[in-house]
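According to TrEMBL, the feature active site, proton acceptor maps to A:67. What TrEMBL lists as Zn(2+) 1 binding site is A:63, A:65, A:141, A:212. Residues or ranges marked as Zn(2+) 2 binding site in TrEMBL: A:67, A:68, A:212, A:270.
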Ligand SMILES: [Zn+2]
Ligand SMILES: [Zn+2]
């Protein structure tokens, strides 16, 4: 899994940072890309990356401010023009469907794929399949806003083929049965329990996305033991009153979350235009004093999960 | 007057050309900028120019395809954030108001200025004040689409002060009366008719904007004697069947319009992504064989009106 930052600015686009969008690339795990927020010109940013719009299968909208959604109609249209035909799911607060459907209707767009809208009033488990679970949790912004916790399910270890060698097991279904953890009786009467021949679970990953919000205890729940927390950090601690009044967070608050929740890494995004160029490193240094493994994201930064 | 091209591509953004938007800069004439179409990321393009969003007072939408309107909500919001408070007028086909108002409502945006919508079903005179008239005319696209003709009213010539010198006119209101074309009796009984002392009308300008369309005679009407025609040229003459089927024009068709209508200049825009880089010069050369003063526009090109 990798995180690719498509827009790391706050509010309005600037020369240095586009408005919000973060891609969670799960090419090895699912051959999919999930997007968190789609600010205007996200499709333009994607043009400069290796991401293929048709690989985007889920879009999670944190809240309905323009800098988080105005790129959605254009991206959906381009995904259609570029041959995307697999279904797409859009998760977000109530209202996201009206915005997208009105945009498509007014422009007479007929997309080449179906969209399923999952409009949420509260948080909770919003997605669950064989390999992943996603939870949403309500944050504290001026409008309804959700944070997301993406959890990879435990992945069973490999079959310990070396340990089985001495039993001279013929090629065939027995390996599959053992791998599935079943008990098998060999021709010579030996009884083998598959569970004894499976290595330790492979590490599964947790990614937490905390967008526009004041601090609220829900953030800690979403962040618990995460491999990486992507946390908004519109302001520095010097502006903590401003952050509070505008329902935003500081770098210090983000770092405190990461520390308390025993996260492995913290990435700061949604940076106010007042921190131009290397000015944003003020935020990184401020957070690192509390939580060492912190980076401030720039547009097009690509991070492995977990990152070091 | 100047034309600044903010997006010269067709359909979807590419690395070389953004989707449609053209600015008519009337800073000397009105201290205003008028926009024709607002494709996604027009506000991003504007960031790279000297245009101030608060100077944009009128937006003319040609038609409701996404590549011509998806930048509108973001631009309107940023104009508000950046201290714009003068009223804004949006002209366009029926539906543009629903799109904009839904976008603003869903995002809970309260703009710092009022918007007046002028939704059109047919063409005709749509604006008329002391210095300018604007006409709209219906084009032939898959959806309702308007071309625009912007006409500067004749500007009265200067008062010929040198010719008046011998009459020893005292400083004061008499000059103003003569300049207004009135007849004045001087103290010595001399009668002067202001009209005899005013130079020739200053040249006024006509700019025509022809967006997505097949050829239709309405284009000729909108283009008559224009100082410059901005004409879509999605395809070359080799692809004229494709152009027809998709309700678009070729460079040859645009040049024929310019020639027939005795225009002074022609600028080609809305260039298909198939003509990458210098490939677009094919379109320019094709048009120049019919109408010499033709340029193919690139993003950020700035042309004087009239241009040479
Ligand atoms: Zn935001
Ligand atoms: Zn178009």
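Note that Cβ sites are derived from N, Cα and C of the backbone, with glycine treated the same way.
Between the C-alpha atoms of residue A:63 (Zn(2+) 1 binding site) and residue A:270 (Zn(2+) 2 binding site), the distance comes to 13 Å. Cβ neighbour density within 10 Å is lowest for A:63 among the binding-site residues A:63, A:270. If you take the Cα of residue A:65 (Zn(2+) 1 binding site) and the Cα of residue A:270 (Zn(2+) 2 binding site), they are about 13 angstrom apart, rounded to a whole number.
Those binding-site residues from A:63, A:65, A:141, A:212, A:270 lying by chain B, with Cβ under 8 Å from one of its Cβ atoms, are A:65.
Of all the recorded positions in the record (A:67, A:141, A:212), the one with the smallest CA separation from residue A:270 (Zn(2+) 2 binding site) is A:212.
Excluding the listed site residues A:67, A:68, A:212, A:270, the same chain places A:10, A:11, A:19, A:20, A:37, A:39, A:62, A:63, A:65, A:211, A:232 with Cβ atoms within 8 Å of the centre of the Zn(2+) 2 site Cβ atoms.
Annotated pair residue A:141 (Zn(2+) 1 binding site) and residue A:68 (Zn(2+) 2 binding site), C-alpha to C-alpha distance, rounded: 13 Å. The two recorded residues, residue A:68 (Zn(2+) 2 binding site) and residue A:212 (Zn(2+) 1 binding site), show a Cα separation of 10 Å.
Checking the recorded positions A:63, A:65, A:67, A:141, A:212 against ligand 1, the ones whose Cβ sits under 6 Å from it are A:65, A:67, A:212. Between the binding-site residues A:68, A:141, A:68 has the most other Cβ atoms inside 10 Å of its own Cβ, all protein chains included.
Of the chain residues outside the Zn(2+) 1 site list A:63, A:65, A:141, A:212, A:62, A:64, A:68, A:139, A:142, A:143, A:145, A:211, A:213, A:247 have their Cβ within 8 Å of the site's Cβ mean position.
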